[in-house]
Amino acid sequence: MTTFGYLCSLILMCILVSSNAQLQQNFYAKSCPKAEKIILDYVHKHIPNAPSLAAALIRMHFHDCFVRGCDASVLLNFTSSSGSQTEKVGIPNLTLRGFSFIDDIKKIIEAECPGVVSCADIISLVARDSIVVIGGPFWNVPTGRRDGTISIASETLSDIPSPFSNFSTLQNDFAKKGLDLKDLVLLSGAHTIGVSLCTSFSNRLYNFTGTFGTQDPSLDSEYAANLKAKKCKSINDNTTIVEMDPGSFKTFDLSYYKLLLKRRGLFQSDAALTTSTTTKTYINQLVAGSLKEFYVEFAQSMEKMGRIEVKTGSTGEIRKHCAVVNS
């Protein structure tokens, strides 16, 4: 082979490797053509009966992508061979739900196409389909993610944005994952659905400065009084569930952002979005705009998040069972 021919072959090989390493729409069109419809059908069958799971599943997707990328490492159980506790038992993930939902879909997919569809893609598709089923936005989910083999509990604390974070911490947490301030505002918009335990914000009501009896001055006093009287009646309450977007927590709308401007965001991290001129401007633009415009922008940020540090090509594996690495 001539030098020119060798270079052409090398370039072609690089192009092929590069293209294989990218996510793409309908990645399973030939290898498992029914995969996406199986997932959609399962979501259509079950989410209407348990709509609160939609919020839980998009939260799972978010928590998965922020630790080691979107690789389903959040699904792994502890095993003696791994030698470390997994993300599942990391403090931010102790309230995650939906693991059995993912496992049930994986069983159906495995029966159709053994060893083909990754758990990482299943999480990504389920999160999207669940939000659409409850009337929320659609976003593209290119597929081809592979599953990670490492899951470490301690990384959840360092990588998953906390409800107690201030603006600069949130900015850094998102920037580490290639997400900007617009993404921060838009992805936080998922708080328009779902609920939280008092433990994620009761410090704002009872112990904000570290001295018992101090309250977060950035929280609307009337809203705080209502929370203390009717919801989180004690700083020790770890069972009461509170709507993140009161009166509208089942609807994917702009109400969350309107509440932020009234100083009624539930978390410290919600309130932090109004402390930056840049993010507050984004919030005002969203509130002044249409729901359709929000959906379009939210979709762009979700697709961007779904690409964080993905494993493709020959990296990682396709797990047979989502909770354990292949033996």
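Cβ coordinates are placed from backbone N, Cα and C, and glycine is handled just like the others.
Heads up, TrEMBL stuff is auto-annotated, nobody curated it.
Annotated in TrEMBL:
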- 1-21: signal peptide (SIGNAL)
- 22-326: domain 'Plant heme peroxidase family profile' (DOMAIN)
- Cys32-Cys113: disulfide bond (DISULFID)
- Arg59: site 'Transition state stabilizer' (SITE)
- His63: active site, proton acceptor (ACT_SITE)
- Asp64, Val67, Gly69, Asp71, Ser73, Glu87: Ca(2+) 1 binding site (BINDING)
- Cys65-Cys70: disulfide bond (DISULFID)
- Cys119-Cys322: disulfide bond (DISULFID)
- Pro161: substrate binding site (BINDING)
- His191: heme b binding site (BINDING)
- Thr192, Asp245, Asp253: Ca(2+) 2 binding site (BINDING)
- Cys198-Cys232: disulfide bond (DISULFID)
Between the Cα atoms of Asp71 (Ca(2+) 1 binding site) and Cys65 (disulfide bond), find the distance and write it as a whole number of Å. 7
Reported as an integer number of Å, what is the Cα distance between Ser73 (Ca(2+) 1 binding site) and the residue listed as 'active site, proton acceptor'? 10
Would you kindly give the Cα-Cα distance separating Cys322 (disulfide bond) and Thr192 (Ca(2+) 2 binding site), rounded to the nearest Å? 29
Just the number: how many Å between the Cα atoms of Cys32 (disulfide bond) and Asp253 (Ca(2+) 2 binding site)? 35
If I take the alpha carbons of Cys322 (disulfide bond) and Asp64 (Ca(2+) 1 binding site), what is the distance between them in whole Å? 13
Nonlocal residues around Cys70 (disulfide bond), in sequence order (Cβ under 8 Å, 6 or more apart): His61, Asp64, Ala120, Ile123, Ser124, Arg145, Met305, Gly306, Arg307, Ile308, Glu309, Val310
Which value does the mean pLDDT take for the domain 'Plant heme peroxidase family profile' (22-326) in this predicted structure? 97
Identify, among the disulfide-bonded residues Cys65, Cys113, Cys198, Cys232, Cys322, the residue whose Cβ has the fewest other Cβ atoms within 10 Å in this structure. Cys113
Where Asp245 (Ca(2+) 2 binding site) and Cys232 (disulfide bond) are concerned, what is their Cα separation in Å, rounded? 16
Taking Cα atoms as reference points, which of the recorded positions Cys65, Cys119, Pro161, Cys198, Cys232 is nearest to Glu87 (Ca(2+) 1 binding site)? Cys65
Could you tell me the C-alpha distance between Cys65 (disulfide bond) and Cys119 (disulfide bond) in angstrom, no decimals? 13
Check the Cα distances from the residue listed as 'active site, proton acceptor' to each of the binding-site residues Gly69, His191, Asp253 and keep only the ones within 10 Å. Gly69
Using only C-alpha positions, which one of Val67, Gly69, Pro161, His191, Asp253 is spatially nearest Cys232 (disulfide bond)? These are the binding-site residues in the record. His191
